[in-house]
Every structure is written in structure tokens, then in C-alpha cells.
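Trainee: The structure follows.
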Amino acid sequence: MPRYKLTVEYDGTPYVGWQRQENGHAVQNAIELAFKKFCGEDLTLSAAGRTDAGVHATAQVVHVDLTKDWGAGKVRDAVNAHLVMADERVSILNVERTTDTFDARFSARARHYLYRIHNRRAPLAVDYQRAWWVQKRLDAEAMHEAAKRLLGEHDFTTFRATQCQAKSPVKTLDRLDVIRNGDYVEMRVSARSFLHNQVRSFAGSLMEVGVGRWTADDLQAALEAKDRKACGQVAPPYGLYLIGVDYAFPY
């Protein structure tokens, strides 16, 4: 069966997350239904990142096996047409044929996320549900310096959800940068894989540094505590974006 690699963009606001669930409409549901209307097949998609409810993506990666050998452009345009007709907030940006051994999840070498904080006194209008609104002025430089304490391999128990199903809390963090961009404070983070709620836990804890309630040493102590109770608040999902996934090429 021909395998296809899809790059997908979506607004996570109306969805219960990426993964198909019984309690609501998921991004996976939306795309699988569009494929069903296109080719008449009941398909199961596999994604690089199983984003939570409200989390957005500009470059989610998915693979799917089809019975017929369709042209990549035909797949993209036909599935997008059905997504538009269904009023879904999902777009297939690119489709390419790939090898049978490519797996969107398990072949990934790195995942890249962006967390956006809208940092001004006035509330959000255009970017409502697209960024976390924090009124108090944040010291982005202090946040960036503190974030260096989290780089490398650590036991990130403090920064993972209590219901996280990962076998080990140990992960290697390759990048964690914080910069100010006008009224926004942006956190960019990269690793091969992440724990459940890890990025949002970083954002909430670094916000504590930004407003002056925590120092870099406090963040270090939270990391070393290996205790979920030591974490700062978990930032809301709507500020988080999956912005890229890296693979070895050729697949």
C-alpha cells in the first residue's frame, strides 16, 4: 500500500486534541473523515505529536497508507476541499510519497514547539485563544538565562503531568530559548520527544521567573525536587504550537 507523508496546519481551538476520542471532535477525526469522502476508505492516521485540546500546529507531520496510488497533489487538494466543505480549521500544507518504513511518530529525530505569551496591559482581541495573556511586564532576558538550567538530560518529573504515561521521566532538552518580540514573549523548545504537559509546564514556571517571583536558582530547585508539586502553574494550551518535526533523509 502506498504510504504518504502529510504536513498539516490546524487551529486547535475547536478540537479535543489531535487524537481521536469518544468525547468530542478531534483533528484526527476531521482528516480521516475528509479522506473517507475522498477515497471511500476507513483510514487511521499516525502523527508525530499528539497535541492536547486547544494546542495549535503549523507543521504537524502525519503518515497514512492508501490502497490506490494517488498523485500527491491530488491527495492534498481533494482532502483540503473536503475539509473546507466541512468547515474544519485544518489544512493539508503538503503531501509526498514516502517509504513503507517511514513512521511520522517513531522516525522523528526532533520536535519543535513555540509557546507565545502576549505581554501587555490590554487584553487580546485578534489573538484571542492564540496566545497566553500575561499583563505584568516579563523580563525575557531573565527567563532565557534561567531556561539554560533545563538544557540537557534531566529527570523532568517536576514538569510532567501526573497522568503522563511515559515509561521514564528522563528526557534530553536540546533547545530552550526565550526572546521578546514586541508585545510577545516567545519560548522555543526542541527535543526528540517530550513528556505530557512538559512544554506548558516550562512556560508557566519561566513566567514565574519573568515576573520576579522566582530566580534561576528557584527554577533549578524545582527541577531537582523531581516533584510535580514544585512546578509553577501550567500555562494554558492555546499559547502552544507544534512548529516542526525533523527526520533523517532519506527516510
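Using N, Cα and C of the backbone, Cβ positions are placed for all residues, glycine too.
Swiss-Prot lists D52 with the feature active site, nucleophile, giving sequence analysis as the kind of evidence. Among the features that Swiss-Prot reports, substrate binding site is placed at Y113, with the record citing sequence analysis.
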Trainee: State the Cα to Cα distance, in Å, between Y113 (substrate binding site) and D52 (active site, nucleophile), rounded to an integer.
Mentor: 13
Trainee: Within 10 Å of the Cβ of Y113 (substrate binding site), how many other Cβ atoms can be counted across all chains shown?
Mentor: 25
Trainee: So if I draw a 10 Å sphere around the Cβ of the residue listed as 'active site, nucleophile', how many other Cβ atoms end up inside it?
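Mentor: If we count other Cβ atoms within 10 Å of the residue listed as 'active site, nucleophile', we arrive at 18.
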Trainee: Helix, strand or coil for D52 (active site, nucleophile)? Use DSSP.
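Mentor: The residue in question, D52 (active site, nucleophile), is strand (DSSP, three-state).
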